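Following: one structure in C-alpha coordinates, then a few remarks.
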Amino acid sequence: MRCRCLLLTVVTDCQTNKSFLCPTMSLLASALVGLTGLSLNYFVPKFMSPGSGPSQFAVSSASGLASSCDATNIASCTNTTAIGNLCCFEAPGGLLLQTQFWDSNPATGPSDSWTIHGLWPDKCDLKFSENCDPSRAYKNIAGLLSENGAAKTLDFMKTYWVDINGKDETFWEHEWKTHGTCMSTLEPSCLPAGSAKGTEAVAFFDTVVKLFQTLPTYKWLANQGITPSSSATYTLDTLSTALQTESGFQPVLDCEGSTLDSVSWYFHLKGSVIDGTFVQIDTPEEGNCPSDGIKYPPKSDDGESEPNKKMPSRHARRRHHHK
Ligand SMILES: *[C@@H]1O[C@H](CO)[C@@H](O)[C@H](O)[C@H]1NC(C)=O
(Lines of atoms letter the chains of each structure in order from A and count residues from 1; the text may use other names and numbers.)
(Lines give C-alpha, C1' and ligand atoms only; values in the text may rest on other atoms or scores of the structure.)
Protein backbone atom coordinates (compact mmCIF):
# COMPACT_ATOMS: atom_id res chain seq x y z
CA MET A 1 0.00 0.00 0.00
CA ARG A 2 1.24 3.45 -0.84
CA CYS A 3 0.43 6.19 1.60
CA ARG A 4 -0.49 9.52 0.16
CA CYS A 5 -0.16 12.95 1.56
CA LEU A 6 -3.08 15.24 0.92
CA LEU A 7 -3.51 18.82 1.97
CA LEU A 8 -4.55 19.25 5.58
CA THR A 9 -4.61 15.61 6.34
CA VAL A 10 -2.99 13.41 8.85
CA VAL A 11 -1.70 10.30 7.19
CA THR A 12 -0.51 6.95 8.36
CA ASP A 13 3.07 5.87 8.05
CA CYS A 14 3.01 2.63 6.09
CA GLN A 15 5.97 1.20 7.93
CA THR A 16 4.85 1.75 11.48
CA ASN A 17 1.11 2.21 11.10
CA LYS A 18 1.42 5.37 13.15
CA SER A 19 -0.08 8.62 12.09
CA PHE A 20 2.04 11.58 11.30
CA LEU A 21 1.54 15.08 10.13
CA CYS A 22 1.49 15.35 6.39
CA PRO A 23 4.51 17.39 5.26
CA THR A 24 2.32 19.11 2.72
CA MET A 25 0.26 20.39 5.59
CA SER A 26 3.36 21.70 7.29
CA LEU A 27 4.27 23.63 4.17
CA LEU A 28 0.80 25.02 3.70
CA ALA A 29 0.38 25.86 7.36
CA SER A 30 3.78 27.51 7.43
CA ALA A 31 2.78 29.64 4.48
CA LEU A 32 -0.45 30.58 6.23
CA VAL A 33 1.44 31.44 9.34
CA GLY A 34 3.81 33.58 7.34
CA LEU A 35 0.83 35.48 5.95
CA THR A 36 -1.24 35.81 9.08
CA GLY A 37 1.26 35.75 11.90
CA LEU A 38 -0.73 32.99 13.58
CA SER A 39 1.02 30.48 15.72
CA LEU A 40 0.99 26.88 14.71
CA ASN A 41 1.03 25.65 18.27
CA TYR A 42 -2.61 24.78 18.23
CA PHE A 43 -2.52 23.05 14.90
CA VAL A 44 0.19 20.58 15.65
CA PRO A 45 -1.44 17.40 16.78
CA LYS A 46 0.16 15.11 19.28
CA PHE A 47 0.05 11.46 18.48
CA MET A 48 0.52 9.65 21.65
CA SER A 49 -1.05 6.59 23.06
CA PRO A 50 0.27 5.87 26.54
CA GLY A 51 1.86 2.51 26.88
CA SER A 52 1.66 1.66 23.22
CA GLY A 53 4.66 3.35 21.62
CA PRO A 54 6.39 4.40 19.58
CA SER A 55 4.98 7.90 19.79
CA GLN A 56 5.78 10.39 17.11
CA PHE A 57 5.57 14.13 17.29
CA ALA A 58 5.58 16.07 14.09
CA VAL A 59 6.82 19.60 14.47
CA SER A 60 6.42 22.40 12.01
CA SER A 61 8.03 25.75 11.95
CA ALA A 62 6.16 28.77 13.25
CA SER A 63 8.51 31.09 11.42
CA GLY A 64 7.50 29.78 8.02
CA LEU A 65 10.71 27.88 7.45
CA ALA A 66 10.28 24.44 5.90
CA SER A 67 12.77 21.75 5.04
CA SER A 68 12.36 19.82 1.85
CA CYS A 69 12.64 16.54 3.70
CA ASP A 70 10.40 13.58 3.12
CA ALA A 71 8.45 12.61 6.22
CA THR A 72 9.13 8.96 5.49
CA ASN A 73 12.84 9.56 5.98
CA ILE A 74 14.53 6.87 8.05
CA ALA A 75 14.83 7.72 11.75
CA SER A 76 18.23 8.85 13.00
CA CYS A 77 20.38 6.16 14.65
CA THR A 78 18.34 3.40 12.95
CA ASN A 79 20.18 3.30 9.59
CA THR A 80 22.16 0.25 8.56
CA THR A 81 24.18 1.94 5.84
CA ALA A 82 25.71 5.40 5.68
CA ILE A 83 23.33 8.21 4.77
CA GLY A 84 24.80 10.88 2.51
CA ASN A 85 22.44 13.83 2.86
CA LEU A 86 22.59 15.00 6.45
CA CYS A 87 20.10 17.82 5.86
CA CYS A 88 17.27 15.30 6.26
CA PHE A 89 19.03 12.84 8.57
CA GLU A 90 20.36 14.07 11.90
CA ALA A 91 23.92 12.79 12.31
CA PRO A 92 26.14 12.23 14.12
CA GLY A 93 23.87 13.64 16.87
CA GLY A 94 20.87 11.45 16.10
CA LEU A 95 19.94 10.65 19.70
CA LEU A 96 17.99 13.68 20.82
CA LEU A 97 17.35 14.46 24.47
CA GLN A 98 14.68 16.92 25.50
CA THR A 99 15.93 17.82 28.95
CA GLN A 100 13.84 19.55 31.60
CA PHE A 101 14.57 21.08 34.99
CA TRP A 102 12.75 20.95 38.28
CA ASP A 103 14.37 23.92 40.01
CA SER A 104 12.94 24.07 43.50
CA ASN A 105 15.59 25.89 45.48
CA PRO A 106 15.96 28.54 44.29
CA ALA A 107 12.78 28.12 42.31
CA THR A 108 12.36 29.01 38.66
CA GLY A 109 9.30 28.80 36.43
CA PRO A 110 5.68 28.02 37.25
CA SER A 111 5.08 25.97 40.40
CA ASP A 112 3.10 23.43 38.39
CA SER A 113 5.47 22.88 35.49
CA TRP A 114 8.94 21.66 34.79
CA THR A 115 11.03 24.04 32.67
CA ILE A 116 13.06 23.59 29.51
CA HIS A 117 16.77 22.93 29.72
CA GLY A 118 17.34 22.16 26.07
CA LEU A 119 17.44 19.75 23.16
CA TRP A 120 20.73 17.89 22.89
CA PRO A 121 22.00 15.94 19.88
CA ASP A 122 23.90 13.04 21.43
CA LYS A 123 25.58 10.51 19.20
CA CYS A 124 23.97 7.10 18.86
CA ASP A 125 26.64 5.65 21.17
CA LEU A 126 25.83 8.27 23.89
CA LYS A 127 28.95 10.32 23.29
CA PHE A 128 28.38 13.89 22.19
CA SER A 129 29.90 16.96 20.61
CA GLU A 130 29.36 20.53 21.72
CA ASN A 131 30.08 24.02 20.35
CA CYS A 132 30.30 22.82 16.77
CA ASP A 133 30.29 26.20 14.99
CA PRO A 134 31.46 29.28 16.94
CA SER A 135 30.75 31.43 13.87
CA ARG A 136 27.05 30.82 14.51
CA ALA A 137 27.06 31.58 18.25
CA TYR A 138 24.31 34.15 17.77
CA LYS A 139 23.66 36.93 20.26
CA ASN A 140 20.27 38.48 21.00
CA ILE A 141 18.15 35.37 20.58
CA ALA A 142 15.12 37.35 21.81
CA GLY A 143 15.55 39.84 18.97
CA LEU A 144 16.17 37.10 16.44
CA LEU A 145 12.94 35.35 17.42
CA SER A 146 10.76 38.44 17.53
CA GLU A 147 12.07 39.67 14.18
CA ASN A 148 11.50 36.31 12.49
CA GLY A 149 7.90 35.47 13.22
CA ALA A 150 8.55 33.60 16.45
CA ALA A 151 7.25 36.10 19.01
CA LYS A 152 4.93 33.46 20.39
CA THR A 153 7.78 31.04 20.90
CA LEU A 154 9.72 33.80 22.67
CA ASP A 155 6.74 34.52 24.88
CA PHE A 156 6.54 30.88 25.91
CA MET A 157 10.28 30.76 26.56
CA LYS A 158 10.06 33.71 28.97
CA THR A 159 7.92 31.53 31.24
CA TYR A 160 9.14 28.00 30.56
CA TRP A 161 12.78 28.31 29.44
CA VAL A 162 14.20 30.31 32.28
CA ASP A 163 17.59 30.60 33.87
CA ILE A 164 18.16 29.95 37.52
CA ASN A 165 19.98 33.28 37.85
CA GLY A 166 17.51 35.24 35.74
CA LYS A 167 19.89 35.42 32.79
CA ASP A 168 17.47 33.95 30.27
CA GLU A 169 19.07 35.48 27.18
CA THR A 170 22.51 34.15 28.14
CA PHE A 171 21.01 30.72 28.82
CA TRP A 172 19.29 30.64 25.40
CA GLU A 173 22.49 31.74 23.65
CA HIS A 174 24.35 29.01 25.50
CA GLU A 175 21.90 26.27 24.57
CA TRP A 176 21.95 27.27 20.90
CA LYS A 177 25.73 27.66 20.71
CA THR A 178 26.50 24.51 22.66
CA HIS A 179 23.94 22.11 21.23
CA GLY A 180 22.02 23.70 18.35
CA THR A 181 25.14 24.36 16.27
CA CYS A 182 25.89 20.61 16.36
CA MET A 183 22.68 19.66 14.53
CA SER A 184 23.41 18.60 10.96
CA THR A 185 19.87 19.30 9.74
CA LEU A 186 20.23 22.93 10.88
CA GLU A 187 23.36 23.63 8.86
CA PRO A 188 22.79 26.90 6.93
CA SER A 189 23.50 25.03 3.67
CA CYS A 190 20.37 22.93 4.38
CA LEU A 191 18.10 25.98 4.45
CA PRO A 192 16.21 27.34 1.45
CA ALA A 193 18.37 29.70 -0.60
CA GLY A 194 18.14 33.27 0.59
CA SER A 195 17.23 32.40 4.19
CA ALA A 196 18.14 35.18 6.58
CA LYS A 197 21.10 34.71 8.90
CA GLY A 198 20.03 32.97 12.08
CA THR A 199 16.90 31.41 10.62
CA GLU A 200 18.06 27.95 11.66
CA ALA A 201 18.32 29.08 15.28
CA VAL A 202 14.73 30.32 15.12
CA ALA A 203 13.71 26.86 13.92
CA PHE A 204 15.68 25.32 16.80
CA PHE A 205 13.82 27.32 19.45
CA ASP A 206 10.44 26.74 17.77
CA THR A 207 11.04 23.02 17.72
CA VAL A 208 12.31 22.73 21.29
CA VAL A 209 9.26 24.62 22.57
CA LYS A 210 6.86 22.44 20.57
CA LEU A 211 8.51 19.23 21.66
CA PHE A 212 8.49 20.35 25.31
CA GLN A 213 4.77 21.04 25.03
CA THR A 214 4.20 17.35 24.26
CA LEU A 215 6.10 16.30 27.41
CA PRO A 216 4.11 17.54 30.44
CA THR A 217 6.25 15.92 33.12
CA TYR A 218 4.53 17.71 36.01
CA LYS A 219 1.07 16.66 34.85
CA TRP A 220 2.13 13.08 34.23
CA LEU A 221 3.53 12.75 37.75
CA ALA A 222 0.44 14.47 39.22
CA ASN A 223 -1.85 12.09 37.31
CA GLN A 224 -0.10 9.26 39.12
CA GLY A 225 -0.56 10.96 42.49
CA ILE A 226 2.96 12.37 42.67
CA THR A 227 2.99 16.08 43.44
CA PRO A 228 5.73 18.17 45.03
CA SER A 229 6.01 17.70 48.76
CA SER A 230 8.44 18.92 51.38
CA SER A 231 8.13 15.69 53.36
CA ALA A 232 7.43 12.77 51.00
CA THR A 233 10.20 10.70 49.45
CA TYR A 234 9.96 8.29 46.53
CA THR A 235 11.83 5.36 45.16
CA LEU A 236 13.35 5.77 41.72
CA ASP A 237 11.17 2.90 40.59
CA THR A 238 7.96 4.66 41.70
CA LEU A 239 8.86 7.83 39.80
CA SER A 240 10.05 5.96 36.71
CA THR A 241 7.00 3.72 36.60
CA ALA A 242 4.67 6.72 36.94
CA LEU A 243 6.28 8.47 33.98
CA GLN A 244 6.43 5.27 31.94
CA THR A 245 2.73 4.63 32.61
CA GLU A 246 1.71 8.12 31.55
CA SER A 247 4.01 8.69 28.60
CA GLY A 248 4.60 5.16 27.37
CA PHE A 249 8.35 5.66 27.60
CA GLN A 250 11.15 5.55 30.08
CA PRO A 251 12.95 8.87 30.64
CA VAL A 252 16.11 9.47 32.66
CA LEU A 253 15.76 11.10 36.06
CA ASP A 254 18.63 13.01 37.59
CA CYS A 255 19.12 14.35 41.08
CA GLU A 256 21.14 16.91 42.95
CA GLY A 257 22.00 14.78 45.95
CA SER A 258 18.70 13.07 46.69
CA THR A 259 16.57 15.88 45.24
CA LEU A 260 15.01 15.30 41.85
CA ASP A 261 15.97 18.16 39.54
CA SER A 262 16.12 16.92 35.94
CA VAL A 263 14.35 14.67 33.47
CA SER A 264 15.47 13.76 29.95
CA TRP A 265 13.15 12.37 27.28
CA TYR A 266 14.77 10.53 24.37
CA PHE A 267 14.02 10.57 20.65
CA HIS A 268 15.20 9.60 17.24
CA LEU A 269 14.33 12.01 14.46
CA LYS A 270 12.84 11.40 11.03
CA GLY A 271 13.73 14.30 8.76
CA SER A 272 14.90 17.71 9.90
CA VAL A 273 14.89 19.42 13.30
CA ILE A 274 13.06 22.18 11.41
CA ASP A 275 9.90 20.18 10.75
CA GLY A 276 10.64 16.50 11.20
CA THR A 277 9.02 13.81 13.29
CA PHE A 278 10.38 12.99 16.72
CA VAL A 279 10.10 9.28 17.41
CA GLN A 280 10.15 8.71 21.13
CA ILE A 281 12.24 5.90 22.58
CA ASP A 282 13.07 4.52 26.01
CA THR A 283 16.23 5.93 27.49
CA PRO A 284 19.34 3.97 26.56
CA GLU A 285 21.16 5.10 29.73
CA GLU A 286 20.70 5.59 33.45
CA GLY A 287 20.46 8.73 35.54
CA ASN A 288 22.21 9.56 38.79
CA CYS A 289 19.35 9.55 41.29
CA PRO A 290 19.63 7.21 44.27
CA SER A 291 17.30 4.20 44.22
CA ASP A 292 15.20 5.53 47.10
CA GLY A 293 14.69 8.49 49.39
CA ILE A 294 14.19 10.84 46.44
CA LYS A 295 12.67 14.23 47.22
CA TYR A 296 10.42 16.16 44.82
CA PRO A 297 10.08 19.44 46.70
CA PRO A 298 7.66 22.26 45.97
CA LYS A 299 8.98 25.31 44.19
CA SER A 300 9.22 27.85 46.95
CA ASP A 301 11.89 30.14 48.21
CA ASP A 302 10.91 29.98 51.85
CA GLY A 303 13.95 27.87 52.61
CA GLU A 304 11.99 26.19 55.40
CA SER A 305 13.22 22.65 54.96
CA GLU A 306 16.72 23.25 53.66
CA PRO A 307 19.18 26.10 53.75
CA ASN A 308 19.41 27.84 50.41
CA LYS A 309 22.15 25.88 48.75
CA LYS A 310 24.07 27.42 45.94
CA MET A 311 23.29 25.64 42.72
CA PRO A 312 26.09 25.22 40.23
CA SER A 313 25.86 27.61 37.34
CA ARG A 314 23.33 26.35 34.88
CA HIS A 315 25.69 27.13 32.07
CA ALA A 316 28.15 24.57 33.32
CA ARG A 317 25.63 21.87 34.01
CA ARG A 318 25.51 18.85 31.81
CA ARG A 319 24.20 15.57 33.01
CA HIS A 320 26.81 12.92 33.63
CA HIS A 321 26.66 10.06 31.27
CA HIS A 322 26.78 6.66 32.82
CA LYS A 323 28.28 4.45 30.20
C1 LIG B 1 24.31 5.94 9.61
O2 LIG B 1 24.58 7.12 8.85
C3 LIG B 1 25.62 7.92 9.36
C4 LIG B 1 25.71 9.16 8.50
O5 LIG B 1 26.02 8.84 7.18
C6 LIG B 1 26.92 7.17 9.38
O7 LIG B 1 27.94 7.94 9.94
C8 LIG B 1 26.73 5.89 10.19
O9 LIG B 1 27.91 5.12 10.14
C10 LIG B 1 25.56 5.11 9.63
N11 LIG B 1 25.34 3.93 10.48
C12 LIG B 1 25.47 2.69 9.99
C13 LIG B 1 25.23 1.58 10.95
O14 LIG B 1 25.76 2.47 8.84
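Heads up, the Cβ atoms here are built off N, Cα and C, so glycines get one too.
Under the heading active site, TrEMBL lists H117, E175, H179. The feature compositional bias 'Basic and acidic residues' is assigned by TrEMBL to 298-309. According to TrEMBL, the feature compositional bias 'Basic residues' maps to 311-323. According to TrEMBL, the feature region 'Disordered' maps to 281-323. If you look up TrEMBL, you'll see 24-44 marked as transmembrane segment.
Projection of TrEMBL feature records onto the structure.
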{"residue": "H117", "record": "active site", "Cβ neighbours (10 Å)": "25"}
{"residue": "E175", "record": "active site", "Cβ neighbours (10 Å)": "23"}
{"residue": "H179", "record": "active site", "Cβ neighbours (10 Å)": "27"}
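Rounded to the nearest whole angstrom, the C-alpha distance between E175 (active site) and H117 (active site) is 8. In this structure the C-alpha atoms belonging to H179 (active site) and H117 (active site) are separated by 11 Å.
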